[in-house]
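Residues or ranges marked as domain 'Nose resistant-to-fluoxetine protein N-terminal' in TrEMBL: 82-210. For 218-237, 371-391, 411-435, 455-476, 518-538, 545-566, 586-607, 619-639, 651-674, 686-706, 726-751, the entry in TrEMBL reads transmembrane segment. Residues or ranges marked as region 'Disordered' in TrEMBL: 255-306. Look at TrEMBL and you will find 261-275 tagged as compositional bias 'Basic and acidic residues'. Residues or ranges marked as compositional bias 'Polar residues' in TrEMBL: 276-306.
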Amino acid sequence: MRSLVVMRSLVVMRSLVVMRSLVVMRSLVVMRSLVVMRSLVVMRSLVVMRSLVVMRSLVVMRSLVVMRSLVVMRSLVVMRSLVVMRSTSDAGGLAYRYVFDAWAKPGPSLLEGRSMFVGNYHQCRGIQSPDVTKTGERFEGNYCVVSLANLTTSQVSYMRSDFVTMMALSRVQIGTCLPDTCTQKDITNLFGERLRAMNLSSLLGAYSADCLSDKREVTTFTIVALLIVVVIGTLVISGTAVDLAAQFCKPGSTNLTPEGQAKEPEQETNNKEPEQLTNTKEPEQLTNTKEPEQLTNTKEPEQLTNTQTTGKIQIIAVQHTVNISKTILNTCLTGVWVKCFLSFSACTNWKRLLSTTQAPGSITVIYGLRFLSMSWMVFGHTFLILTYGRASKSNVAQGNASLKRYRIFDIITNMHLGVDTFFVISGFLMSYLKLKKVTESGWKYNWIRYFLHRYWRLTPTYLVAFVLIVGLQRFFVSGPTAPTVQPFQKEACEKYWWTYPLYINNLMRFGRAEMCFLHAWSMAVDYQFHLLCPLMVVPFYYHRYYGIASCLLFAVAQMIVSGSLAYHFKMTVATFGKPLEHLNYIYFPFYTRIGPFALGILTGYIMSTNNGRVVMDRYVVVIGWILSTTSGLAVVFGVHGDLSGENLSSLLVASIYTATFRTVFGACICWIIVACTSGYGGPIHAFLSWSPFTVLSRLTYSGYLIHINVLDVMLQNLEQPIYLNMFAVVVYGTAGVVFISAVAAILFVCVEMPTLSLEKVRANGRKL
């Protein structure tokens, strides 16, 4: 019994211990739950506080926009009072009422970021006052755009990806109509005084007034541009005339090679002998198929009168003279100087532009890639110009944010990848066309001649486009949204023009006000790539593994440098947080862009050694297309959160993306070239090789040089700001592609094609 009692006591004690342990554990769980709940409450509080901060920022931004609109309206009311007061006391009151009527009025979308208020430009410019004094003093309407600095933008915490919006809202622009007796300084001071009088100088500051007129400044660039137009026009007319004369001498023959040179006699059709090239008949048969004695009906020779005999002799003499003239002219057409004139023939160059014939072994898929990449950049720059320029200030804040929320719009915001496509093609063609000769001679290859050829290929068209734009663009724009200074970087272009023919403009550390002809950075980068290409190509002379290692080394070095710079400057994927640092240190330098070019060199080597066709197994083709498609889509659409500003990546992820995305996208383009050319492209190859792309791809170089300025001219001639949405980007982007192609065709026929033909004339002359 005692044992049972002891055992029972032990059981009870053990139960108590277990219960106590359970109670302790339950207490710990409860405490832990309380801690977790407290943590959640704290986190929720932080989220709520953050939301309140964001809401407060939005309220502040909205309040600032409303205050800005009220300031604009109040300024207009004050100015209206001044005008009305003057109109009641002056004889020209009616004219002053028209002046006020032409002023900008507050419109819709004030809360959506409208920062441009446009008046009636033509009404203002058409105002003329009657004589208002005994001396006959008169005034005319003068339309001026007053720019007010939005001093509140620095007080609002903008997202880095919303830098475009911040720049667009950094100033308020008001279209005013004042007498032409008021200077720009007077107008600026007037607005400054009004702002100070209303105690609003801490919100807005009047810093400039741009009075628009039909007068255009004539600079040195304008004179040089006009001289270039006259010289090129004279050469084109002369070359076309010589070309037509050559065709007249040889009827039934085009008389010109595709290079714009006069054909040699043995190049004519029908395999005729040299003496048969002028005519198939003997000299005495040129006037008639009858014998000389048959020229006068059935009469015998002795029956011919003196007049008839003289007439027959004159006909034969004239015909011999014509034949001799044709022979002399035909001989002259083989001269070097005549061939130079023929290089400018509009007839021949136009036929060359529209020709869709391809030489054997041509990589036809490149034509589609060129044109589509060019169109891609046109649409992207259309969006940027609509956002930055005066053309679209109706709803910049709302429109920009709304567009970037669409995932499909990531295609537009990633338009800079089109430049990397051109770099891939440039490296591929260099390697594919030149590698066999380089592998035979190594460093003994005539690299100086190659560099000069590349310089001649790029520079004449490049400089002609640059001079024409800087000197003449201002003569093609007019209206309330067109600034007087055209292009807007004119002063920087006139100061730093010498950096462009030297191809060092991308290495200059410019400020925002010193940047000129911005898209020309890629021309400098491309030429610098070709200066470095011997380091990637010559190693193939020693061993193929050396060449492959050299190309991969350049690609890896580019990724390391790009990623390190992005991490150092704390760049986001969208890269808008520090625009100047991004442009000067990551976007423009050649050492952060050389990866796609190096992969193009390597791809050209692969295609060259396999005679233009790489044989692959089916599973390799399937895996290749899956990887390239997935990688390309990831590069374009994988950073939607960063581009829209909704979900920014960490600094490490952003740096890795910056380091790799250009090279990865370049590898995708290389796969498309290899697979399509080797017969594994299917419908993709058929589409990219479409014959119209053959013609359109010839316009991509000239089109790239002028595309931003053509868009400027097209959009700055509009009378009212554009409401920014997807439809506007698509419509104006499509119109831009059409206009740019038309202007590029003129530049191709008159400048680009003649420079290529002149080089061939020089090469043929050297061979002779």
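One is the number of the first residue shown, and numbering goes on along the chain from there.
For all residues, glycine too, the Cβ spot is worked out from N, Cα and C.
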Segment proximity, the transmembrane segment (411-435) to the transmembrane segment (218-237), 3 or more C-beta pairs under 8 Å: no
For the transmembrane segment (651-674): best-contacting stretch of 411-435, 545-566, 586-607, 619-639, by Cβ pairs under 8 Å: 586-607
Long-range neighbours of the transmembrane segment (619-639), counting only residues six or more past its ends (CB under 8 A): 407, 410-411, 414, 417, 573-574, 649, 657, 661, 664-665, 667-668, 671-672, 675, 680
Interface check, the transmembrane segment (586-607) with the transmembrane segment (686-706), three or more C-beta pairs under 8 A: no
